[in-house]
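Engineer: There's a structure below that I have some questions on.
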Amino acid sequence: MGFKNYFHPASKDAPPQKPAAAVTAPARSKPSGFPSLSSMKFGSKESPVGAAPNNVELSSIPSSTTSQVVKSPARPAYPGGDFRNSSSPQLTDMKADVMANWLYHRQQERMWTHGGWDEGVIMKKARDDYISCPKELLQHRNGFYDSIKKLNVKCALTINTQVIKLFLRNTDMHYVPLDNGLRIQVLPNVNYLPECQKHHFAAFIQEPSMLVVWDDDPNHLLFRAQNVEDQLMKMIWEDDEETEKGSTAVTSKVPSKAPSKMGSRAPSVYVAEVYGSQDGHIEEGLAEAPRKIVLIQPVLTAITLILVIAALGAGWRQVVLEVIVDKGWLRLAFAVVVPLQIWLALFFMQSLAGCVAQIIGPISQMTDNTKFFSGTAPPRIHHETLPHVTIQCPVYKEGLWSVIDPTVKSIKEAISTYEMQGGSANIFINDDGMQLISPEDAQQRREYYEEHNIGWVARPKHNPKPADGEKAFIRPGKFKKASNMNYALYVSARVEDKLAVFQREGVWSQQQERDLYDNALSQVIEEDEGRTWAEGNVRIGDYILLIDSDTRVPSDCFLDAVSEMEASPQVAIIQFSSGVMNVTDTFFERGITFFTNLIYTAIQFAVANGDVAPFVGHNAFLRWSAVQDIAYLGDDGVTEKYWSESTVSEDFDMALRLQTTGYVLRLAAYAGQGFKEGVSLTVYDELARWEKYAYGCNELIFHPMRYWIFRGPFTPLFRRFICSNMPLPSKLTIMAYIGTYYAIGSAWILTVANYLLVGWYNGWLDLYYIDSFKIYFSIVIIFSALGNFALAVLRYRIEERSLFGSLFENLKWVPLLTVFLGGISLHVSQALLSHMFSIDMSWGATAKEASDTSFFEEVPRILKKFKVTFIWCIFMITAMIVLGGVGPLGKLVPYHLHINAFTAIWPLVTIVASHFLLPIVLNPGLMLFTW
């Protein structure tokens, strides 16, 4: 319909409607289900205020939760800029007064106020402490000032213009449409503001006729307000043009260059990056047609197997010829290592086939929508009420302002866009550090979460052996992320259980639902006897966006993902490809950034070719009902769990359980690099990441050796994976990926063995044996040369980068990756063997923010962390010198035991040199020689 059709005359005597709706609590279909968060409609005749009742913005906290932490005095809620660093309350007050007066003068200059008694600017100085300009606003009770205080926002202002009065004069609609399918709520009066959709960051008020705009940053308040007014005029003008042309509808237009918000702090009300087409709309109940299955990857897998068989055949041809000549049947014992050879060779041959495909193969599939891949955004659904999305974010001890706050701001921009499109969302933080940090820092986090309407759950510290007066508590798992999320989700499920048993009768208001929720959460906290800390909205919506604490998301991503989920009920996870968010400008972080982007490009190419989509554990939308379908009971037989706590690869376990249940995983690339994730900032963190992955791979396949007699070598998860209905090419691809860790971990062992064998028995070795130098040369040709060239060609063909620019970038990072990948063999093998022999290993949380360090701080740290590596390197260097016949000790070695062959020495030299240089040349803190 046209813009003017959104409005029609309304009776001036019509009484204002109350924010209430008739609600019937649906039965809980699953043990951890919940009443639908969208069951109370907003933006409808029944609920004029446009609030999502079941995901209420909880500003009042259950009294039972406040006793869990000793509160420190309230800290300022910083109006913006550097106020957060101010140590003087008087200085903070002065800055807040100056900012409020400045905004008020700008408001007057733009003629946004007519001097009404309820018009002006309100600024938050500290918790429950606001100022206003003009100061007369404080005198009017239950007016604009009190409503903004209850809304709990940083700053707000009113806009009273003739344009807005004309809009609101003849309408009783509950939303005003804006550009790009966005809309802003309409409220009867300012008293409805505390119940509104806060992430609209604006609301039209019918009585008196005005617009209220708020923001988390006063520096952006004017931009946000001006943009709303500009979009209103634009919509009117475009509607007039369409009407003159006889158009019966206003088509949402995508700006030729939508202003990007990634990396900026601009207000989200004027940002709506649309990655896909808005031409089509999915009608209610209409699922998309089955997507086609691409068979390019199965063909490449078949070629991989042909190459592996051909290579093995060439070796066995030599064995047969030797047996015919000398009748040495003992050589047939080589058959024992054939399975291991196939496993370790799979990735190499697959890379060879993949590189050729990237250069000369088809690429149109990278923009198609297929069973496991979405290269183009789906048609957007067009419903009055969109599904509720919960953003789940596990955190630990990351910095509140340096790490968590930028992530929350990015998420709130996306929530704002989604709510203005008709949806609703809430942030759910699983804070595993809240009960570990100081009471002052914990209180600061609590106040921050309350400020931004964030629901959160925190569990006790790991305390298996409590001291006197303490209670034991176990945080299961080596990597605590899975058990952290399980604990928080179980708290949410128990709250839903209590809400589900309550019968809602007649007209049910938002305040009644809030009171009921507060009571349910209080009961759960009391049942846990002080173990659980929780506040805010911890309910789970239809879909979960799982992110890390250092994530950035596009400002318009929810609707595309929700539309795809709604159209494809068989899809359990949509994994978005990601870019990298750099925290520093060190050469190591930039090198790992390149490597991460390389991996994502390879994944996109493989999945677009028909491979099964991966799940990397973040930047993914999960269907909550699917996660509930694969829930299991913990060891106590009562606690409901969703993520595996017995493996460090909980994401792989989740993906496998979903796929064996019949669900589909999908990789979405239409957001480009709008989703961003952090990478390892130091060589220590990146090395720990590889160790964890290696440990997890061994954990997925093998039991520790001490269990082999009673349980067998292979885990139930691996057996289930082998017997699952997953396509065979995808199984081979996964096995090839896992095999890379064993290939890397065995590199130093096989290279040392090759040094001795080739050095002492060169010419006497069986022809079936391939020495390390030939393997080294093959790796250089395939990965360093062909791989980088193929990557550059692929990025050029898909119009991502220029050919020579991409090729230069690829070659630029070859030295760094050579040293890194060549220097992790010892560490990867340590992780593999630690699990195999039940040796405990643990890893801390990855650093999310840069830390200042110096040369003299790094030296002892390196010696401590890499002392075993340095000892091994020095021993091997000494051994090569001695066996080379050099020096006094070398002269004592018989001549026939000297090893001087280049083909024997070079592979070992590269391994030893890489291990020795890894912690030195890849350590910016050391190489910058800072003091």
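Cβ coordinates are placed from backbone N, Cα and C, and glycine is handled just like the others.
Unlike curated records, TrEMBL annotations are generated automatically.
As annotated in TrEMBL:
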REGION    1-90  region 'Disordered'
COMPBIAS  56-70  compositional bias 'Polar residues'
DOMAIN    95-245  domain 'DUF7928'
TRANSMEM  293-316  transmembrane segment
TRANSMEM  328-349  transmembrane segment
DOMAIN    543-753  domain 'Glycosyltransferase 2-like'
TRANSMEM  734-755  transmembrane segment
TRANSMEM  775-794  transmembrane segment
TRANSMEM  814-833  transmembrane segment
TRANSMEM  869-889  transmembrane segment
TRANSMEM  901-922  transmembrane segment
Engineer: Checking distant contacts: for the transmembrane segment (775-794), what same-chain residues at least six beyond its ends satisfy Cβ-Cβ under 8 A?
Structural biologist: 348, 351-352, 354-356, 358-359, 363, 598, 601-602, 605, 801, 803-804, 806-807, 810-811, 814, 818, 906-907, 910
Engineer: On average, what pLDDT score does this prediction assign to the domain 'Glycosyltransferase 2-like' (543-753)?
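Structural biologist: Within the domain 'Glycosyltransferase 2-like' (543-753), the model's average pLDDT equals 93.
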Engineer: For the transmembrane segment (328-349), find every same-chain residue at least 6 residues outside the stretch whose CB is under 8 Å from a CB in it, and list them.
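Structural biologist: Hits for the transmembrane segment (328-349): 304-305, 307-308, 311-312, 315-316, 319, 322, 732, 735-737, 739-740, 742-743, 746, 766, 768, 778-779, 782.
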Engineer: Which sequence positions outside the transmembrane segment (814-833), separated from its termini by at least 6 residues, show Cβ-Cβ distances below 8 Å to it?
Structural biologist: 587-588, 591, 595, 683, 686-687, 690-692, 694-695, 697-698, 741-742, 744-749, 784, 788, 839, 841, 868-869, 872, 910-911, 913-918, 921-922
